[in-house]
Structure formats: C-alpha cells, structure tokens
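Visitor: Before I ask anything, here is the structure I am working with.
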C-alpha cells in the first residue's frame with residue numbers, strides 16, 4: 001500500500017498544478033501510510049479499554065475502508081488529470097487553427113492587393129493566364145499577323161519610298177449643290193454625246209454613222225438622265 005501511495009504522489013502533484021488546488025493533508029497521509037494501523041486498541045483509540053477488542057477490530061475495518069476511499073479519490077484525481085490534458089490538447093488545436101486561418105487570410109489579402117482586384121477577378125486572371133491549347137486558330141492568326149508585319153516593311157523598303165500622293169478632293173464640299181446638279185447633268189449629256197461619235201469598221205476606210213440605239217438603250221439613258229435631274233432637284237429642295 002505504501003509503494004502504491006508513493007507511486008501515486010507525482011500524479012497528485014501534477015493534479016495540483018493542473019487544478020490549482022492543494023491536495024488535502026488527510027488524503028496525503030492516507031496515501032503515504034503515515035497512519036499506523038496498529039492492532040492494540042490503545043493506539044487506535046486511547047480512551048478505549050483493553051477489553052474492547054471487538055471495537056478495535058471495527059475501528060481498524062473503518063480505517064481500511066477509509067484507505068480504500070482515499071485510493072478511489074486518487075483514481076478520480078487521475079481521471080481529472082486525463083480530462084484536463086484532453087481539454088488542453090483541444091484548446092491547443094483551436095489556437096493553432098486560428099493562427100493558420102489568420103495567416104491564410106493575410107496571404108489572401110496580400111494576393112488581392114498585388115492583383116488589385118476582387119477574388120473573382122484574380123481567379124479569372126489566373127485562369128486567363130493559362131495557355132489555351134485548344135484555340136489553334138487564334139494562335140495561327142497571331143502567327144500569320146506577325147509574319148505579315150515582318151514582311152510588309154521589308155517589301156516597302158525594297159520598292160522604295162513612294163512619292164507624295166495627290167490629296168483627294170471632296171468635290172461635294174467644294175462645288176455647291178446647284179453647280180453640282182449642273183455638273184452631273186453635263187456629265188450625263190457628255191456620256192450621251194460620246195455615243196454619237198463616229199466609228200470606223202476594222203477593215204474598211206469608210207466613215208459610217210453610229211449605230212442607232214435600240215429602244216431599250218434609249219429608255220435606259222432617258223431614265224438615268226431623269227434620275228440625275230430628280231436627285232439634283234431633291235438636293236436643291238433640301239437646301
């Protein structure tokens with residue numbers, strides 16, 4: 001019993017450190033065997049007579065039961081120590097998890113600050129940065145465009161620098177609407193007059209008159225002249 005009490009003493013000290021309360025002195029004495037379990041009634045109970053041997057046996061039995069109760073108390077304390085260790089382990093895990101979460105959040109915020117956008121934008125940017133192996137047409141167009149860009153300046157150098165091109169004149173802005181209408185009518189009449197020019201047969205020296213236009217050609221020419229004149233009238237009316 002004394003060896004058991006001595007082996008249980010370190011656990012009790014650990015319990016005192018975990019719980020923060022001192023172990024009762026009566027429990028310590030019962031574990032260390034400081035109380036003598038004598039056989040004489042005088043030692044166990046000084047006021048008792050020597051003839052009360054049966055009463056001494058009862059007192060010794062009570063003290064044995066008290067020692068057993070103390071041992072049970074020790075077991076309860078050991079269970080409390082085990083429970084306390086489990087609680088400490090769970091608290092340590094929660095603290096570590098909180099530390100990891102804060103560290104991950106700081107890393108994520110720094111990543112967002114570097115990308116300068118929202119999480120969806122950063123994910124989209126990382127997805128767009130991946131090479132697209134399926135879009136071969138787009139890669140071909142890019143390669144063809146770069147090839148043309150490299151070939152075009154070389155051909156221009158070989159051909160030489162072209163002279164200054166004549167600026168195109170917007171006659172619609174220079175000529176007023178009335179003069180433009182007259183110009184268009186003159187152009188129409190010039191076209192009609194060119195049809196009446198003389199022409200020569202390829203084997204003969206005879207001068208012949210122009211072939212008479214058919215009814216369809218004359219109707220078409222008249223329609224074109226009427227269309228030009230109608231358009232000129234619309235322009236004048238608009239002005």
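Any Cβ shown, glycine's included, is placed from N, Cα and C.
Fair warning: this is a prediction, and the values are worked out from it, not measured in the lab.
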Visitor: Among 39-72, 73-106, 107-140, indicate the range for which Swiss-Prot gives the feature region 'Disordered'.
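Guide: Residues 107-140 are the ones Swiss-Prot records as region 'Disordered'.
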Visitor: What average pLDDT does the predicted model assign to the repeat 'LRR 1' (55-83)?
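Guide: Averaging the confidence scores along the repeat 'LRR 1' (55-83) gives 82.
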Visitor: For the repeat 'LRR 1' (55-83), how many residues does DSSP put in helix, in strand and in coil?
Guide: 29 helix, 0 strand, 0 coil
